[in-house]
Amino acid sequence: MKYRLSAIEGSVRVDIIKTIISKYLPFWIVFCAVIAYLFPKAFSGISGWTSIGLGAIFLFMGMSLATSQLVETVKKPKVVLIGVLIKWTMTVTISVGLAYLFFRDQPELATGTILAGTVPSGTTSNLFALLAGGDVALSIAMATTDTFLAPLLTPVLTQFFAGQFIPVSFWALFINIILIVLLPLTTGLFLKWKFTKAVEKVRPFTPLLSQLALFIVVLSVISNAQNVLSDNLSVIPVIAIVVFFQVTVPMVGAYFIARMIGLKEQHARSMLFHVGICNTALAATLALEHVSALSAVPAVLNMVTNLTLGAAIANFFQKRGEEGVQLSKARIKQVQ
């Protein structure tokens, strides 16, 4: 009996931790960034952990994917294709335009901004789609398709658009993305297929483990970039403005395009997050390893911005949905 009670208490504690971290994720990201900036030496031991942390996130993603979610891609190929197409055209175009407009004379920042828009969608887009009342299965299907396209599209687009600022090696980027994204993702899928029972026991904890891995990435990136950030504090406000537009314009554009072409409200909400929220942890890691610490800054600020705005928009849709339900109930009572 005591063992059962302790197990239940342990489970409750884990659930509380998961709720605290998930609900206030933007705050924890900012907190990690500030701590890493103020005390960079404290995190010197994890300075080379960016790739490991990011690889862990994709491993957990692979372990979390259900077969039914992958089948959804086949069930809704048209809607999935539309979402993926908008993501790889609108987000990339806006990111490149902003980089050329604001950072033409600052090649590292230009490259970092472009990288932040040429990576696949972020994993939190699925969470926000759920909170906002979007089509979660569609969101996961688009994110999965995105992730498998990334090893080819990210290095091609980055080399094409950022190559004039800084020499970008297609093969170096391609191999790195294979190692960071595709290998862990397929390993997670393999583990889920081969060791189903064991993975099912771990699966409830994968969101929490992914978020902790994300904190490691942020701590590593910011502590590595601390000296460069200190020398370039004057450009931070400009970068903040750029990433604000880099996130909001694709979000708004994707939502209205989806509605204009006749897609359901649920689909439009999922596309809003899919297109506007990129995997900027991946962008920061690639920038840090292939360009410079300064080039990772736009991606980190983008991460904070897309998480904060994503949470706010999801909360807005959630409240609107609750108000709609209450209004419907009131009308039913009036009729009765």
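Yeah, the Cβs are placed from backbone N, Cα and C, and that goes for glycine too.
Keep in mind that what you see is a predicted model, and the values were worked out from it rather than measured.
What TrEMBL lists as transmembrane segment is 21-40 (among others).
For the transmembrane segment (46-67), the residues of the chain that approach it from at least six positions outside its boundaries are 123, 140, 144, 147, 176, 179-181, 183-192, 199, 202-203, 206-207, 209-210, 213-214, 216-217, 219-221, 223-224, 281-282, 284-285, 288-289, judged by C-beta separation under 8 angstroms. Among the features that TrEMBL reports, transmembrane segment is placed at 46-67 (among others).
Tertiary proximity for the transmembrane segment (79-103) is limited to same-chain residues at least six positions away from its ends with a CB under 8 Å from its CB atoms, namely 72-73, 109-111, 113-114, 116-118, 121, 138, 141-142, 145-146, 149, 153, 157, 161-162, 165, 238, 242, 245-246, 249-250, 253-254, 257-258, 261, 263, 267, 270-271, 274-276, 278. Summarising the annotation, TrEMBL assigns transmembrane segment to 79-103 (among others).
Counting same-chain residues at least six beyond the ends of the transmembrane segment (172-193), those with a Cβ under 8 angstroms from any Cβ of the stretch are 51, 54-65, 120, 147-148, 150-152, 154-155, 158-159, 199, 282, 285-286, 289-290. Per TrEMBL, transmembrane segment is recorded for 172-193 (among others).
According to TrEMBL, the transmembrane segment annotation covers 205-223 (among others).
Look at TrEMBL and you will find 235-258 (among others) tagged as transmembrane segment. Same-chain neighbours of the transmembrane segment (235-258): 82-83, 86-87, 90-91, 94-95, 98-99, 102-103, 106, 109, 113, 116-117, 229, 267-269, 271-277, 297-298, 301-302, 305-306, 309, 313, counting only residues six or more beyond its ends whose CB sits under 8 Å from a CB of the stretch.
As annotated by TrEMBL, transmembrane segment applies to 270-288 (among others).
Look at TrEMBL and you will find 294-317 (among others) tagged as transmembrane segment.
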Intrachain residues whose Cβ lies under 8 Å of the transmembrane segment (270-288), provided they are six or more past its termini: 50-51, 53-54, 57, 82-83, 86-87, 90-91, 111-112, 115-126, 128-129, 132, 134-136, 138-139, 142-143, 146, 150, 154, 173, 176-177, 180-181, 214, 217-218, 221, 224-225, 247-248, 250-255, 257-258, 263, 295-296, 298-300, 302-303, 306-307, 309-310, 313-314
Long-range Cβ neighbours of the transmembrane segment (21-40) (under 8 Å; 6 or more residues past either end): 124, 127, 207-208, 211-212, 214-215, 218-224, 226-227, 229, 300, 303-304, 307-308, 311
Tertiary contacts of the transmembrane segment (205-223) (same chain, 6+ residues out, Cβ under 8 Å): 14, 17-18, 21-22, 25, 28-29, 32-33, 35-37, 40-44, 46-50, 52-54, 56-57, 60-61, 63-64, 123, 127, 229, 281, 284-285, 288, 293, 296, 299-300, 303
